[in-house]
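Participant: Swiss-Prot lists G60, G61, R82, N185 with the feature substrate binding site, giving sequence analysis as the kind of evidence. Taken from Swiss-Prot, the feature site 'Transition state stabilizer' covers K25, K248.
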Amino acid sequence: MENVELLIEALPYIKDFHSTTMVIKIGGHAMVNDRILEDTIKDIVLLYFVGIKPVVVHGGGPEISEKMEKFGLKPKFVEGLRVTDKETMEVVEMVLDGKVNSKIVTTFIRNGGKAVGLSGKDGLLIVARKKEMRMKKGEEEVIIDLGFVGETEFVNPEIIRILLDNGFIPVVSPVATDLAGNTYNLNADVVAGDIAAALKAKKLIMLTDVPGILENPDDKSTLISRIRLSELENMRSKGVIRGGMIPKVDAVIKALKSGVERAHIIDGSRPHSILIELFTKEGIGTMVEP
């Protein structure tokens with residue numbers, strides 16, 4: 001009976017979400033744990049079969065760092081963004097497109113999902129430009145050169161719409177090009193937010209390795225289960241948001257301001273976290289609303 005009650009609880013959410021598009025960002029932590037990846041993909045396949053149109057964007061940070069170290073390259077980050085020289089860019093593209101994307105697509109196929117892997121280059125899905133980062137150093141503002149780190153100039157969502165309309169699950173790696181053919185490494189959180197905005201998605205779901213937005217970043221028990229966009233912006237400006245959570249929060253803020261209805265930041269390592277967040281009243285992570 002308990003299982004039946006859970007299904008009944010999910011019914012209004014399933015009706016509300018039917019035929020809507022959701023962009024789901026899978027973090028690099030899932031790539032190094034086959035059980036987490038398998039469980040995550042099963043959840044997304046279930047979303048597909050109840051009539052939701054999922055779009056998956058993936059990172060691959062841990063695997064990139066591991067491969068870099070094998071080549072004698074030392075990973076370096078600035079505010080959660082990987083500094084990417086030419087050698088690093090070659091490793092990034094090899095790992096994200098050649099290994100991680102293929103692994104996710106294969107996992108979908110094994111679990112009954114019709115997935116298609118693509119990068120931001122394919123069909124000019126994402127046209128990128130070099131990212132210019134400005135930081136305060138004392139009283140001065142300095143420009144930090146991140147190398148081949150890019151940002152989205154614009155998104156052409158047509159190829160994703162074609163795939164969704166024909167029953168496929170797009171799986172996107174955050175490698176993109178500018179119109180001159182230069183290849184860039186884009187932050188996967190940012191790419192997920194930009195694609196969600198271009199599609200006017202119902203939801204943007206960020207899977208990470210922390211419970212969600214924390215009132216105190218050093219205390220996992222301080223989870224904020226529901227927060228307004230204005231409150232999140234205030235936390236960001238006060239420096240409460242730190243490290244790898246910065247690009248996630250920035251992507252969420254931009255997406256909601258661009259028409260995405262809701263965003264969720266949840267712990268993707270917890271079993272069935274997507275289903276619990278979407279189909280139960282309590283949820284499991286943080287929901288951000290306008």
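Backbone N, Cα and C define each Cβ position, glycine as well.
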Participant: Measuring Cα to Cα, tell me the gap between K25 (site 'Transition state stabilizer') and G60 (substrate binding site) in whole angstrom.
Facilitator: 11
Participant: Please state whether DSSP places K25 (site 'Transition state stabilizer') in a helix, a strand or coil.
Facilitator: strand
Participant: Work through the binding-site residues one by one (G60, G61) and point out the residue whose CB has the fewest other CB atoms within 10 angstroms.
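Facilitator: Fewest other Cβ atoms within 10 Å, among the binding-site residues G60, G61, is found for G61.
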Participant: Near the Cβ of N185 (substrate binding site), how many other Cβ atoms are there if near means within 10 Å?
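Facilitator: Counting Cβ neighbours of N185 (substrate binding site) within 10 Å gives 26.
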Participant: Distance check, please: Cα of K248 (site 'Transition state stabilizer') against Cα of G61 (substrate binding site), rounded to an integer number of angstrom.
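Facilitator: So the Cα of G61 (substrate binding site) lies 14 Å away from that of K248 (site 'Transition state stabilizer').
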Participant: Tell me which residues of the chain lie with their Cβ under 8 angstroms from that of R82 (substrate binding site), as long as they are six or more apart in sequence?
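Facilitator: Expected: G61, I64, P75, K76, T88, V92, L146, V149, N185.
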Participant: State the count of C-beta atoms found within 10 angstroms of the C-beta of K248 (site 'Transition state stabilizer'), not counting that atom itself.
Facilitator: 27
Participant: When DSSP states are folded down to helix, strand and coil, where does G61 (substrate binding site) land?
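Facilitator: Reduced to three states, the DSSP call for G61 (substrate binding site) is helix.
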Participant: If you draw a 10 Å sphere around the Cβ of K25 (site 'Transition state stabilizer'), how many other Cβ atoms fall inside it, taking every protein chain shown into account?
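Facilitator: So the Cβ neighbour count for K25 (site 'Transition state stabilizer') comes to 28.
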